[in-house]
Structures are given as C-alpha cells and as structure tokens.
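Visitor: Quick paste from Swiss-Prot:
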| type | residues | note |
| --- | --- | --- |
| BINDING | C4, C7, C24, C27 | Zn(2+) 1 binding site |
| BINDING | C72, C75, C100, C103 | Zn(2+) 2 binding site |
| ZN_FING | 4-27 | zinc finger |
| ZN_FING | 68-108 | zinc finger |
Amino acid sequence: MKFCPKCGSMMMPRKENGKTVYKCSKCGYIDTENQKEAKITTVIKHSAKEKTLVLESDMPKTGVQLTRGISCPSCGNDEAYFWILQTRSADEPATRFYKCTKCGKVWREYE
C-alpha cells in the first residue's frame with residue numbers, strides 16, 4: 001500500500017501505457033518508481049453453499065431476504081428472495097415482492 005506524496009490519499013496500482021504504476025485517485029499523481037512492486041490481483045472465491053445476490057433496478061437495495069417454501073408460479077422452485085414495500089395507503093398492509101432464485105420471475109403478494 002502506498003500513499004500519495006502530494007495529497008496523502010491512498011494510491012492504487014493501475015495499468016498505464018502497458019505498465020503497472022501507482023496512481024492517486026484524488027489528485028492524479030503517478031508514481032513510476034518501484035514498478036516491480038505494483039501488482040494487480042483480483043481473487044473472487046465462493047463456497048459451494050454461498051450465493052451472490054445481484055440487485056436489479058426492480059429490487060430495493062436494502063431489506064432483501066431469502067425464503068424457502070414459497071413456490072414460484074413460473075418454474076415451481078421453492079426458494080426466492082423477498083422484500084416488502086408500502087405500495088398502497090398507510091392504513092393498508094404492505095406488499096411483499098418475491099424474486100425466484102432459479103428463473104428470476106418477480107411476483108407480488110398482498111397481505
């Protein structure tokens with residue numbers, strides 16, 4: 001890890017003109033010294049049981065949970081993500097949305 005000598009921000013290794021250099025994301029300063037030390041590595045590991053949820057524009061960014069025992073009307077899968085939104089007036093119950101983990105179908109359930 002390196003810090004920018006001009007502004008003190010953390011510098012990140014980047015590819016510039018085919019070479020790996022440290023570049024400050026705040027002020028743009030480029031450190032060309034010690035290029036051999038700069039290394040860009042991306043490692044993504046997932047266990048067999050772990051799932052990655054990709055939130056799409058039709059899903060809220062918080063409050064998403066996984067549930068089992070709800071049958072998808074499209075493919076019959078029994079696992080879905082769900083979230084709750086207040087879609088009607090405040091004196092009405094909230095609406096629960098589901099998204100199938102297998103086919104991606106989104107459906108709603110009124111309480």
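Each residue, glycine too, has its Cβ placed from N, Cα and C.
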Visitor: Residues other than C72, C75, C100, C103 within 8 Å, Cβ to Cβ centroid, of the Zn(2+) 2 site?
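Guide: So the extra residues in range turn out to be P73, S74, G76, N77, A80, T101, K102, G104, K105.
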Visitor: From the binding-site residues C4, C7, C24, C27, pick the residue whose C-alpha lies nearest to the C-alpha of C103 (Zn(2+) 2 binding site).
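Guide: Closest by Cα: C24.
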Visitor: DSSP helix, strand and coil counts for the zinc finger (4-27)?
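Guide: Helix, strand, coil within the zinc finger (4-27): 0 helix, 13 strand, 11 coil.
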Visitor: With an 8 Å cut-off on Cβ distance to the C4, C7, C24, C27 Cβ center, who else from the chain surrounds the Zn(2+) 1 site?
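Guide: Output for this site, in sequence order: P5, K6, G8, S9, M11, S25, K26, G28, Y29.
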Visitor: Considering only the binding-site residues C72, C75, C100, which residue has the minimal Cα-Cα separation from C27 (Zn(2+) 1 binding site)?
Guide: C100
Visitor: When you measure from the Cβ of C100 (Zn(2+) 2 binding site), how many other Cβ atoms are you left with inside 10 Å?
Guide: 21
Visitor: So how many other Cβ atoms are close to C7 (Zn(2+) 1 binding site), meaning within 10 Å of its Cβ?
Guide: 12
